[in-house]
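Inspection log for the structure reproduced underneath, given as structure tokens.
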Amino acid sequence: MSNVVIGRFVAVLTVGALALTACGSKIEDTPSGTTSRAACGTVNIAVNPWVGYQADAAVIAYLATNELGCTVNKKNLTEEVSWQGFGTGAVDVVLENWGHDDLKKTYIEQQGVAVEYGSTGNKGIIGWYVPPWLAQEYPDITDWNNLNKYADKFKTSESGGKGQLLLGDPSFVTNDEALVKNLKLDFKVVYAGSETALIQAFRTAEQQKQWMIGYFYEPQWFLNEVKLVHVNLPPYTAGCDADPAKVACDYAPYDLDKIVSKKFADSGSPAAALVKNFQWTNDHQNSVALDIAVNKLSDDDAAKKWVDANRDVWQAWLKN
Amino acid sequence: MTALAGTAASVRRRAGGLTRGWLVGGVVAVWVLLWIPLRGRDTLALSTSELSPLHERLNDLRDAINNTRGSSPVFSAFFDVIRESVDALTVFLQSLISQPAYGRPVPLIGWLGVVAVATFGAYAVGNLRVAALTAAGFTSFGLLGFWQQSMDTLALTLAAVLICLAIGIPLGIWAGLSDRLNRVLTPVLDFMQTMPTFVYLAPLTLFFLIGPASGVIATLIYAMPPVIRITAHGIRSVAPSSVEAGTSLGATRWQLLRSVRVPLAKRTIVLGINQTVMCALSMVTIAALIDAPGLGQVVLRALQTLDVGTAFSAGLAIVIMAIVLDRVTTAARDRVETQYRMGPRARGRRRVVLAGLGVLTAVALYLSYTYVWAAFFPGPERGGAVGGEVADGVTRASDWVQLNLGAVTDAVRNAISYGLLNPLQSLIADSPWYLVSAVVLAIAWIVAGPRIVPTAAVCLGLLVGSGLWQEAMVTLAATLVATVIVMALGVVVGVWMGRSDRADGLIRPTLDAAQVMPAFVYLVPFLGLFGASRFTAIVAAVVFAAPVAIKLVADGIRGVPATVVEAAVSSGSSAWQVITKVQLPLARQSVTLAANQGLIYVLSMVVVGGLVGAGALGYLVVAGFSQSDLYGKGLAAGLAVVLLGVLLDRTTQAAARRLDAGAAHRGLRKGKDS
């Protein structure tokens, strides 16, 4: 190709491209903040990595943006890092807190940078679960007294000749090693290491009728796909889990609660009132979580769907 | 005479190798005999929730830092300056290409402008081929439906790489000139590269807050070492004769550096830049754990719902970005040489094309600044034009494989676990610590010589001190099994690629993809196939580490002089004989290097292994990241990973040097005889 040809080629392309400028709509500047925006300001919501939490955050962010005119920043963080954010000012709101007495002690009592902001209304249940096919074929398996009878069946390459009890994400506080020891179970705790690994293990177990028992919890979107069955340990009584080494009872039911930064609580922002009043049921959360996880709706679309259908529920949250 | 002497030397060397083999075998035999009565004693086991005094002290240290952060002005001023400047750079890049800025609903440069600038840049530093690749690659981000996320990832990666280069190249040049600095720097760089990121991720947000700065700094800690190391290596490798020529012309130290050393090392320095870019991209998913925006967020979120398809198409965008950046920097490296050889005619033509592309780019920039169609990538918001189909296809394929191959994969897992991993783990982790230490020291002495013994002893001592001896041994067992598989693959596939150009062309892109595809993407299907187990972790490590080993072996096989191979063929050797008697022995150096790199890459997957059921050190590092009580223990586990890395790296390197020395010695004798 000679230089002349290339030059002509470039010229043609340029003219063609310039012709394109004649069509299409132009980009307009966004209008600067309205008065309501100024009143609410910015809210930094931590989004912890599970779908139920994502559902909470989706609805609160939707309402704060569209009803109160706030600017909402969602930050995808793990629990530990979110709490650190209270101290550094990067996080205003944690919407679904599971216990975490150690973090409460550090950030609420010692540093005084965070405050408890009431229950979300969701009840957290933690325990040992088996896939439904197993509970159907061996109904007595849901009683812990019978677990040793079946221990052999739960053996895997990982469990060193004992039955395998599978655990998931290490961020949950668990008593399982102590439970196995104190209930004299012929099981070994095996750490799957992530929620993803745990869910996949239950899914495979149900699909291929494999023997499996593991730690799980509700509310969780996966229970809508596979209805895992809770195994009854000796029932929880107040104080039975006081000494972590001697625990021999089921997990305490969790009252999931909200935590906000001291600064945000004192700000008088309407969003703070919204977070304080926010309360709903496990069914509410599950319906939003299912739209996000299974129906693949975006957070905003899932929130809008729920908000449109449950006006009476959230109207109450907006009152000061 | 020459041939005779060569043969004699090689016989002697082989005899040396044989006795070494017997010695190692003897040590292992004694170990097994001692293991039978001693097993289970002094294994230094510590249950998962238990803490050693060291772990508690580390927790206290963390708390102390956490509490002083707010109260000490010096502390906060120092970190605030760093944070603010890194934030400013990153936010500026984001407002250019990814985030709405300056009162506009879109970034300053829309998709058309970015594609044009990238293509122009690729041509300017490379050639027309990589320019076309760049245009196609960047367009595919939009087609996959991840335009904005890709640009966020690109902005963050660019910010991290720019800082890496601004610090790394001068430091690398200095380390190339000063032996003392090099000695000080090497262990620091080792540390930066082998310390699992999870260990410093949470503390980073304490110092640099939650925001772009923390993500960029996490990335550059891991990505900076390659450019420093490779630059230093390049400066060191400049031929002494060139430097002497400069000195004899009366050049000052500075002139020497500017006009002799740096220009001659330029090609190597660009290779360092290339490696730094690749390392930065490999951090995309992990940085997303502390809210770094971009493709990593998509991958992590998809994992929560086990959405393999979406995770894959986001991972595919990362792979495409990596391949484009790799090919462009490689082309830039080659241009460093070819531009000197270009004729005036070719140079003139190139200038015209550059000018033309420049005009087009300017037009595209204007369009994408002004018009909506050139700013927003066209197509549906979710999934883009083809992203949805890609995701659905991958999900279906993954489901089918899990459903239909489950029985086979279970059998494979059980065979390897019961047949190899469990016995090996039992031998290593159930032996008393002093027995394992003695065995490790003895083997290190035999394969690598007496000089390695002090280093190995220090590593072993610190491992005992970490309070995580048994976990470290469990991790070591899995690491060894994974490395054996990596090397088996490395030799088989590497020889095949080294001998056949077609195989090389076919396999190499797959290897590139396997190296940069975030492990998180393929964890879900692997979990479906092999369950939450150590074997799943091993498979993930093999996927990541085997490409390096394969490429190194293939390069070694290619490096064997064709004349030698031809001579063997013409003397009637079969293909098998050529491979085992000529090619592999002559590529020995590459094979040892492959084993070394294979080990280190496997070790860098320990933490990912912890996420899929490998337990041990990897699990503890993850647990330390997510549970405040276990922070100190997680930090100790991270240190233990580093110690295992140093131990294995130094031993295999010393063993390789010893092999080389043997070969060099033989070469010297050969030279003298002829």
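For all residues, glycine too, the Cβ spot is worked out from N, Cα and C.
TrEMBL lists B:150-329 (among others) with the feature domain 'ABC transmembrane type-1'.
Annotated domain 'ABC transmembrane type-1' per TrEMBL: B:472-652 (among others), in sequence order.
Feature annotation from TrEMBL assigns transmembrane segment to B:20-38 (among others). Within the chain, the transmembrane segment (B:20-38) has long-range Cβ neighbours (under 8 A, six or more residues past its boundaries) at 427, 430-432, 435, 439, 442-443, 446-447.
Remote same-chain partners of the transmembrane segment (B:130-147), defined as residues 6 or more beyond its termini with a Cβ less than 8 Å from a stretch Cβ, comprise 111, 114-115, 118-123, 295, 298, 313-314, 316-317, 320-321, 323-324, 327-328, 331, 357, 377-388, 390. Feature annotation from TrEMBL assigns transmembrane segment to B:130-147 (among others).
Cβ atoms under 8 Å from those of the transmembrane segment (B:154-177) belong to residues 86, 89-90, 93-94, 96-98, 185, 212, 215-216, 219-220, 223-224, 227-236, 257, 261-262, 265, 269, 272-273, 276-277, 280-281, 283-284, 287, 292-294, 321 of the same chain, restricted to positions at least 6 beyond its ends. TrEMBL lists B:154-177 (among others) with the feature transmembrane segment.
For B:197-223 (among others), the entry in TrEMBL reads transmembrane segment.
The feature transmembrane segment is assigned by TrEMBL to B:268-290 (among others).
Look at TrEMBL and you will find B:310-332 (among others) tagged as transmembrane segment.
The transmembrane segment annotation in TrEMBL covers B:352-374 (among others).
According to TrEMBL, the transmembrane segment annotation covers B:433-464 (among others).
Look at TrEMBL and you will find B:476-499 (among others) tagged as transmembrane segment. Same-chain residues lying 6 or more positions outside the transmembrane segment (B:476-499) and placing a CB less than 8 Å from one of its CB atoms are 416, 420-421, 424-425, 427-429, 507-508, 534, 537-538, 541-542, 545-546, 549-558, 579, 583-584, 587, 591, 594-595, 598-599, 601-603, 605-606, 609, 614, 616, 644, 648.
Among the features that TrEMBL reports, transmembrane segment is placed at B:519-550 (among others). Note on the transmembrane segment (B:519-550): residues 285, 299-300, 303, 306, 308, 311-312, 314-315, 398, 401-402, 405-406, 409-410, 412-413, 416-417, 421, 478-479, 481-483, 485-487, 489-490, 493-494, 497, 507, 511-512, 594-595, 597-598, 601-602, 604-606, 608-615, 618 of its chain, located 6 or more positions outside it, place their CB under 8 angstroms from a CB of the stretch.
Under the heading transmembrane segment, TrEMBL lists B:598-624 (among others). Residues 48, 193-194, 196-199, 468, 471-472, 474-475, 478-479, 482-483, 486-487, 490, 519-520, 523, 526-527, 531-534, 536-538, 540-542, 544-546, 548-549, 630-638, 640-641, 644-645, 648-649, 652 of the same chain sit 6 or more residues outside the transmembrane segment (B:598-624) yet have a Cβ under 8 Å from a Cβ within it.
The annotation transmembrane segment is assigned in TrEMBL to B:630-648 (among others).
Within its own chain, the transmembrane segment (B:433-464) has Cβ neighbours under 8 Å at 20, 23-24, 27-28, 31, 34-35, 38, 42-44, 472-473, 639-640, 643-644, 646-647, 650-652, 654-655, 658, counting only residues six or more beyond its boundaries. Tertiary proximity for the transmembrane segment (B:197-223) is limited to same-chain residues at least six positions away from its ends with a CB under 8 Å from its CB atoms, namely 62, 65-66, 69, 79, 82-84, 86-87, 89-91, 94, 156-157, 159-161, 163-164, 276-277, 279-280, 282-283, 286-293, 607, 621-622, 624-625, 631, 634-635, 637-638.
Counting only same-chain residues 6+ beyond the ends of the transmembrane segment (B:352-374), those with a CB under 8 A from a CB of the stretch are 108-117, 119-120, 123-124, 128, 131.
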